[in-house]
Every structure is written in structure tokens, then in C-alpha cells.
Amino acid sequence: MRVTKMHALGNNYIYVEEQEVADLHEQFAQLAIDISDVRKGIGSDGMILIGPSNVANVRMRVFNADGSEAENCGNGLRCVAKYAYEQKLVSGPSFSIETKGGVFAAEVYPNSEGAVERVTVNMGPVRLGTKTIPFSGPSAEGEEVQIQTDDLVLRGTVVSVGNPHFVAFVEDAKNTDVATVGPVVEHHPWFPERINVEFVTPISRSELDFRVWERGSGITYACGTGACASVAAGVHKGLLDETVRVHLLGGDLDIEIRDSQIWMTGEAKHVFSGVYRWHGIHG
Ligand SMILES: N[C@@H](CCC[C@H](N)C(=O)O)C(=O)O
């Protein structure tokens, strides 16, 4: 199958057009696991399928490295926008992308040769609280949820950006033990469909340090929806202004809350295009 690897701030996926894998419908989860494997596959945070849509200009489906399907991916939206424009799947620089978590409007900024390296996406309305995500904890919990296990007590704001997020404001995001705490929150029984976990520290009202544990992929260099969720939570808590530069492991992302909508602007980069031979589930 023809594949393209792209990354946005180091959050890297293998992008495949649906027509390339039309006969593999029941096997997308295993394909995502295999293709993401850094030793036996290509190596990535997951796989994103690009195809036609009935309700938007193009559709994307997001599979994490463990094969689970996610509703949305912010870095994926920017890379799909780049791909769709450069491959002429769309006719102009402004268009819409369908995901399982909703339809999002994208705008690409091509250079004089038509190559796109920067994209803005309207990530939709700010949605906070346990009613916006799959949640099976006590109904008394609202926007702020307190997770308690034998080893951990952690408060976080829950936010939906199409996909679910738990945003914890911590003393020093850059030195948080993400690999230990992240999976405990991801798999906490209150989140029946698991959850993405962000650790954030405001360094001013317009700058945020950010680390992430992604549902289904673990530590990644960046999470676009996670950055959106974190700024939405920070503005709601009165800690941040509405225009924020988020410092992720892989670089910076600009998030703005305007008219209760979240706008995300950042890079999208091509790594390589080539052919991947998959030997299938029994291969
Ligand atoms: N990296 C993404 C989010 C990908 C999906 C996520 N792991 C989930 O399961 O919801 C982003 O940039 O938003």
C-alpha cells in the first residue's frame, strides 16, 4: 500500500488513503499496530486513514498505536489538511474534515510552490465536564475530577475536543513522571473508554508547559487536542488568557479561544512517502 509518514511537532502518524486498504476493513486495528511498530513496521504514534466524506470535503479515521480508534487528533487534522491540499483532494485553502468526533474547518497556508507547512483548524466549541465524555464516576463530579488510588491523588479538568482529556495542573509539567502517572489515569475505572492525560504548568498567562500521556499511544511529543483541552481548562480556571503558546516536547503550538471556539495553529511536516507491504493478520 502507498503510505505517507507525516509529523506535527514530532507527533507522527502513517497516513494511508482508504482506497489503498479498501479490502482490509476488519483489519484496520491490526494494521495500525503493525505499521506503528518501530522494530517490525515503520514506527509511529498510530495510523490515519484519509478518504471521501458525505458531510465534509475529506474524512479522516484515527487509529492509535495499540489499534484503538480515536474520535479526533489535532496534529492529524493539520497533517491531513496539508495532504489534502497538496494532493489536490480539495480545491482551495479552506475546507472541512470529518472525524468521528465532528467536522472541523481547516485553513492551510501554502508557499509559492504550493507546499503547506502551517495550518489553522477551528477545533470547535469549548466543552468541559464529566457530561461531555464517557464517565462512570459519581455524578457529583463536575468539571474538576479527583482521581484517587492507593498511590495517587490527582485533580484534573475533564474536557472533550471530540476525544476525552484529563488536564492536571501540576507544579512542573516538564519534570512530571508521565510514564508512571499517565497510565493510572488512562485506565481509571471512571473512564470506561480510557482518557488522554495532560500535565500542564502555566509559565505566564500566555505560555504553558505541557506533557502528555496519550490514550492508546503512551508518551508522545505532542497532542493537538490535548493542547486545546489544556488551554480551554486554563482559561476556565482563570489561569490563562485566551491566546496561549503551548510548549510541547516536540515544539510550540498556538491556541486561541475566540467566541467560545478553540483555534489551533501549528506546523505539519512531510517525512516520506513510499510503499509498505503488509503480510496481514496471519503474516
Ligand atoms: N495525537 C492526537 C490525539 C490522538 C488520539 C488520542 N490518543 C485518543 O485516543 O483520543 C492529537 O494530536 O490530538
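Note that Cβ sites are derived from N, Cα and C of the backbone, with glycine treated the same way.
Note that this is a predicted model, so its numbers are computed, not measured.
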Candidate sharing the substrate site with ASN11, ASN64, GLY74, ASN75, ASN163, GLU214, ARG215, GLY224, THR225 (per TrEMBL), from ASN111, ASN175, ASN196:
ASN196
By a simple count, how many Cβ atoms lie within 10 Å of the Cβ of CYS223 (active site, proton acceptor), its own Cβ left out?
35
When the number of other CB atoms within 10 A of each residue's CB is tallied over all shown chains, which of the binding-site residues ASN11, ASN163 has the maximum?
ASN11
Around the substrate site recorded as ASN11, ASN64, GLY74, ASN75, ASN163, ASN196, GLU214, ARG215, GLY224, THR225, what other same-chain residues have a C-beta within 8 angstroms of the site's C-beta center?
VAL62, ALA70, ASN72, CYS73, GLY76, VAL212, SER217, THR220, CYS223, GLY226
